[in-house]
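J.: The following feature annotations were taken from TrEMBL:
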DOMAIN    59-101  domain 'Beta/gamma crystallin 'Greek key''
Amino acid sequence: DSLLPCLIFCHSTGARTYRIKIYEKENHRGNMVELTEDSPQVMDQLRSPEMLSCSVLEGYWILYELPNYRGRQYLLRPGQYRRFSEWGSMSGKVGSLRRATDLY
C-alpha cells in the first residue's frame, strides 16, 4: 500500500483552504476545536488526552500519533470520521495534525 496516488491527487487539486473540527468524544460530541493551520500539539488545544472523532471540512490533513509530527501517520480526506477506527487507528491517541500541502 502506498499514499503516493493520494498525495498526487492532493497536490493536483490545488486546494488552498484547510479546515478540520476535532472532538474529544465519538460521534462529534464533547469539546470541539476547529483548526485551519498545522498543530504540533493537538492535545494542548483540545485539552483532552484523546481525539475520538473529527470532521474534515476542507483540504486534506495528516494526523500523527505523536506530538511534533512524529509516529504513525493517517491521511484524512474531506468527510466525517465518527470514531478513530474510521481513519484506521486502533486508538484515539493523536499528537499533531498537519495540512497536506505541497506533497509530490
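Backbone N, Cα and C define each Cβ position, glycine as well.
What TrEMBL says about a protein is an automatic prediction, not a curated fact.
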J.: Over the span of the domain 'Beta/gamma crystallin 'Greek key'' (59-101), count residues by DSSP class, listing helix, strand and coil in order.
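T.: Per-class counts: 4 helix, 20 strand, 19 coil.
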J.: Where does the mean pLDDT land for the domain 'Beta/gamma crystallin 'Greek key'' (59-101)?
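T.: Value for the domain 'Beta/gamma crystallin 'Greek key'' (59-101), mean pLDDT as a whole number: 96.
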J.: Restricting to the same chain and to residues at least six past its boundaries, which positions have a Cβ under 8 Å from a Cβ of the domain 'Beta/gamma crystallin 'Greek key'' (59-101)?
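T.: Here the qualifying positions are 3, 6-7, 10, 15-20, 22, 26-28, 35, 37-43, 49-53.
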